[in-house]
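If you look up TrEMBL, you'll see 114-141 marked as coiled coil. Residues annotated as domain 'Tyrosine-protein phosphatase' in TrEMBL: 1-104, 135-385. What TrEMBL lists as domain 'Tyrosine specific protein phosphatases' is 24-95, 300-376.
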């Protein structure tokens, strides 16, 4: 007999998760393979009452909403407390149940099994009487739900304004990358969490002429080994930030960057750079350079090979942060990290939730995936992976 064990790892020892949808996402994943009419679930936590009760109430209310279009949290909790005392142990847990379910009612079902990706896209393309498709409705809802309370005071400080290419979608204070041992610790770059806990991206604008030293300082200090560049460079507005010719080296104060190797692929270049700080040993940084994906066009690059390369690189290099850059660090960058993260989730769990991933990512860097076309493209990339999976081609993604 096979037993499947699911473990929620993001619930803090005291309190409740910050993320309102984490429990519902967890339950959705379980119910895709273990429907309510199947064998009973064994639910446990340290005492078997607080978190366990929270899980049971949310799960039962989700099923009740599907079947009856009603919910009654208070009466159901009274009922199950006659079966196990003190289920849902704290006021915070009780409030969390309400917030999670209210959020679910507002957003609807946004997660889906990967084998149903094509059906999911087909449904989202359907238009209503006003010629508005479900994709549009979801994208507009994302705008409504985006974080508007986090502060950006560091980004708009007088000393830092010249370090931003644009005056919108600026890094939040709580997720900005902080430079160490520098006169000014600001750079237009944000930490954005990927699929797995501890698997981080650094999402940034392509450096300006006056921030190239800051950029390479960040790469060195965060020990990054991969940069994904999604916009052409070489103009006054968007200058190249590495030596143009193989064998050339360029100094950025105490850092030296040498262009050591270059390889042309169909849709991108692979450029190997050696980064050295003072007299320390150099470390290699691989730059994947997509020239064709301009932020002002819908020219879609072929990203499939790179997803596999990055997954392998992360396994070999211990999940170092991947740097993703485009001209504003929002549009193309957000699309790339969303598709990559959700394909990684699909490979592990067999499910995806692009809507909720972008929602959470926008709480870490505002404006990610900035237009409807890119939101749709995230789904198309996932659908492409699903087609390969169904044809037993998972190895092409590694």
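Using the three backbone atoms N, Cα and C, a Cβ is placed for every residue, glycine included.
All TrEMBL annotations are machine predictions without curation.
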On the 0 to 100 pLDDT scale, where does the domain 'Tyrosine specific protein phosphatases' (300-376) sit on average?
91
With DSSP as the reference, give the number of residues of the domain 'Tyrosine specific protein phosphatases' (24-95) in helix, strand and coil.
43 helix, 0 strand, 29 coil
Could you give me three numbers for the domain 'Tyrosine specific protein phosphatases' (300-376), the DSSP helix, strand and coil residue counts?
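Summed by class, the stretch gives 47 helix, 7 strand, 23 coil.
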